[in-house]
Amino acid sequence: MSLFKFAAFVLGTAGSVAGHGYVTKIDVDGTTYGGYLVDTYSYEPDPPKLIAWSTTATDTGYVSPSAYGTSDIVCHRGAEPGALSAETLPGGSVTLYWNTWPTDHHGPVITYLANCNGDCASVDKSTLKFFKIDAGGLVDNSAVPGTWATDELIAADFSRTVTIPSDIASGNYVLRHEIIALHSAGNKDGAQNYPQCINLKITGSGTAAPTGTLGTELYKNTDAGIGVNIWNALSSYAIPGPALYTSGSDSNTATSGASPPSTNFSPTTTAAAATTTLSTVVTSAQSTSATVVAEQTSVSYSQTPWPSSTATEATSASSSAGGSNNGHTGTHDEAGHCPAHTGKKRSRLNRRRMASCSSRTQS
């Protein structure tokens, strides 16, 4: 093994055990609720009651493709339902805030809903059938590895806003929000899923009941959007999972990995400069999310909901296993495409990092 490949392997292994991220708070139509702080609440004898589901992923790690057929993929490892629910209406807005996200963990950000058909606090997660309501994938392919929905999330202070479909029937629902990191997906079992779940009570006069897919059937490790090498130039990317539901039609009948929307590009020679607000170049069916919140507010350990007037600037949460991500190093593919790079927590996607990476790869 060459020194270059060995160094990339060592750095990649270090990145795989370091902390990544999780949802720390949720804003539902202007009311703020606490997320499940896995590196804190897991060690408390009486954690607060939340709308967020608990998990046992104290390493803030991921679910790998080899576990797609297990219950861990539904709402993360060892997930249990939250005791509370946040009320919203069809057309309502939900913003989910992550504590942090490594700049090199590029990939799609996907959100689903599933009707609990009863009380979500006692639902059997293995029975939940999810339909996709929001998805972002490859935004710009002008320079490897491209600009992704995760980069938009970082630029929006680690948040993404989704809109509840305007025709959804009233009821109790689980909202499943997920990042799929693809920095190592060129390797077998290399994709990393980070699902997070919350409970919603949707009221109103909607009547739509979209067809859903069991959590254990959302993805296959052979899906084109799962086994992909982002360190090679991509002309398109198919977001994994069932089709995106659009109000007025039940479009959620496609099988895993076979459904649009995908992102298609024409080759260009000039890369547009990245800004703090990124425009998603996708098909019209995918542009469903509302404008993301530009400033992150506080992370609190109090009971929910939180009064929004008490919000203060957030500090990054540290992983119980890996600590701070302020210099997080990711894993690249074993063929040696671009050595691992680091980035500050609030990086605005400096394009020069990949130009430098490309020049080193060619040397």
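The backbone N, Cα and C atoms fix where each Cβ goes, glycine too.
Residues or ranges marked as Cu(2+) binding site by Swiss-Prot on the basis of similarity to another entry: H20, H105, Y194. Per Swiss-Prot, the feature O2 binding site maps to H183, Q192. What Swiss-Prot lists as compositional bias 'Polar residues' is 248-257, 298-307. Swiss-Prot lists 258-270, 308-329 with the feature compositional bias 'Low complexity'. Residues annotated as compositional bias 'Basic residues' in Swiss-Prot: 342-354. Among the features that Swiss-Prot reports, disulfide bond is placed at C75-C197, C116-C120. Among the features that Swiss-Prot reports, region 'Disordered' is placed at 248-270, 298-363. For 1-19, the entry in Swiss-Prot reads signal peptide.
Known features from Swiss-Prot, placed on the structure.
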residue: H20; record: Cu(2+) binding site; DSSP class: coil
residue: C75; record: disulfide bond; DSSP class: helix
residue: H105; record: Cu(2+) binding site; DSSP class: coil
residue: C116; record: disulfide bond; DSSP class: coil
residue: H183; record: O2 binding site; DSSP class: coil
residue: Q192; record: O2 binding site; DSSP class: strand
residue: C197; record: disulfide bond; DSSP class: strand
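Other than H20, H105, Y194, the residues of this chain whose Cβ falls within 8 Å of the Cβ centroid of the Cu(2+) site are, in sequence order, G21, T60, Y62, W101, P102, I179, A181, Q192.
Sequence-distant neighbours of C197 (disulfide bond) (same chain, 6+ residues apart, CB-CB distance under 8 A): A52, W53, V74, C75, H76, A79, P81, G82, V174, L175, R176, H177. Comparing C-alpha positions, C120 (disulfide bond) sits nearest to Y194 among the binding-site residues H20, H105, Q192, Y194. Between the alpha carbons (Cα) of C116 (disulfide bond) and Y194 (Cu(2+) binding site) lies a span of roughly 21 Å. Here the disulfide-bonded residues are C75, C116, C120; the one with the fewest Cβ atoms within 10 Å of its Cβ is C116.
Reported as a whole number, the C-alpha separation between Y194 (Cu(2+) binding site) and H183 (O2 binding site) equals 14 Å. Around the Cβ of Q192 (O2 binding site), 23 further Cβ atoms fall within 10 Å across all displayed protein chains.
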